[in-house]
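Enquirer: TrEMBL feature annotations, pasted as is:
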- Arg78, Arg103, Asp130, Pro131, Met132, Leu133, Ala134, Thr135, Gly136, His137, Ser138, Asp199: 5-phospho-alpha-D-ribose 1-diphosphate binding site (BINDING)
- Ile193, Gly198, Asp199, Ala200: uracil binding site (BINDING)
- 6-207: domain 'Phosphoribosyltransferase' (DOMAIN)
Amino acid sequence: MAVQRIDHPLVQHKITLMRDKMTGPKEFRELVAETAMLMCYEATRDLPTKEIEIATPMGVAKSKIISGRKLAFVPILRAGLGMMDGLMTLVPAAKVGHIGLFRDTKSHEPVEYYVKLPEDIAERDVIVVDPMLATGHSAVQAIRILKQAGVANVKFMCIIASPEGIAAMQAAYPEVDIYCGAEDQGLNADAYIVPGMGDAGDRIFGTK
Ligand code: URA
C-alpha cells in the first residue's frame, strides 16, 4: 500500500486556512470541498484512458476519454459529506454511496447506523472519503463493508491523517492506497488529531 501525501501548494495553503480556528463554517466548508476536488485530481491520476476519434469544427482529432470501470465515491457520514461537492464537480458521472458509523461509547468501536450503496457497487472502483483519518477504525470498517459488498478496488482519501490511523489501515488493508494532504503528530486522549483542525463535522455544519 502507498500513502500518498498531496503536497501541491494549493492543497497545503487551503489546509493551513482550515487549521485556523478563526475560520468560520462558510469558509471552512468551501475549503473542504475545494481541497477534496484538488486531491481527487491526484487520486484519479491512474484512471485508464482510451483514444477515440472525435469530430472537431476543424477536422477529426484522436483524443482520449476515460475508459474501464466506473467510479463511486463513498463519504463516511457525516464529515465526509463536506467533500462531496468538490468531488462531484470533478466527476459528475460518479455514483455515491453513504456509510454512517458512530463510535460506541464503551467499546470505542464503530457501529453501523446507515449503509446505502449503489446497486452496481461491485463493478465500480471506489474512493472512500473522510476529512480526518484519526484512529482509523471508521475507515477500516467502511472498507470492510465495501469488500463484503464485492468491491475489488478501493482507495481512501482524507485531508489530514494521523500516524495511528495510517497504521491501522496498513494493518487491516495493506492494499488500499491512502491519499492525504497532511500527516500530523498523533491523537490526543479523546482521539482528536493534534494539531489537526478540530472536529471537521462540527466545523462544516456549524454545530459547535
Ligand atoms: N474527527 C475529526 O473531525 N477531527 C479529529 O481530529 C478526529 C476525528
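From the backbone N, Cα and C atoms, a Cβ is placed for every residue, glycine too.
Just so you know, TrEMBL annotations never went through curation; they're auto-generated.
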Enquirer: Binding-site residues Asp130, Met132, Ser138: which have a Cα within 10 Å of Ile193 (uracil binding site)?
Expert: Met132
Enquirer: Listed binding-site residues: Arg78, Asp130, Asp199. Which have a CB under 6 angstroms from an atom of ligand 1?
Expert: Asp199
Enquirer: Reported as an integer number of Å, what is the Cα distance between Ala134 (5-phospho-alpha-D-ribose 1-diphosphate binding site) and Asp199 (uracil binding site)?
Expert: 11
Enquirer: With Asp130 (5-phospho-alpha-D-ribose 1-diphosphate binding site) as the reference Cα, tell me which of the binding-site residues Gly198, Asp199, Ala200 is the closest one.
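Expert: Of all the candidates listed, Ala200 is nearest in space.
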Enquirer: In whole Å, how far is Ala200 (uracil binding site) from Ser138 (5-phospho-alpha-D-ribose 1-diphosphate binding site) when you measure between their Cα atoms?
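Expert: The Cα atom of Ser138 (5-phospho-alpha-D-ribose 1-diphosphate binding site) is 15 Å away from the Cα atom of Ala200 (uracil binding site).
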Enquirer: Taking Cα atoms as reference points, rank the binding-site residues Arg78, Met132, Gly136 by distance from Gly198 (uracil binding site) and give the first.
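Expert: Minimum Cα distance from Gly198 (uracil binding site) across Arg78, Met132, Gly136 lands on Met132.
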Enquirer: To the nearest whole angstrom, state the Cα distance for the pair Met132 (5-phospho-alpha-D-ribose 1-diphosphate binding site) and Ala200 (uracil binding site).
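Expert: Cα to Cα, Met132 (5-phospho-alpha-D-ribose 1-diphosphate binding site) and Ala200 (uracil binding site) are separated by 7 Å.
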Enquirer: For uracil, what surrounds Ile193, Gly198, Asp199, Ala200 with a Cβ no more than 8 Å from their Cβ centroid?
Expert: Ala79, Pro131, Met132, Tyr192, Gly196, Met197, Gly201, Asp202, Arg203
Enquirer: Between 0 and 100, where does the mean pLDDT of the domain 'Phosphoribosyltransferase' (6-207) sit?
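Expert: Here the mean pLDDT over the domain 'Phosphoribosyltransferase' (6-207) amounts to 95.
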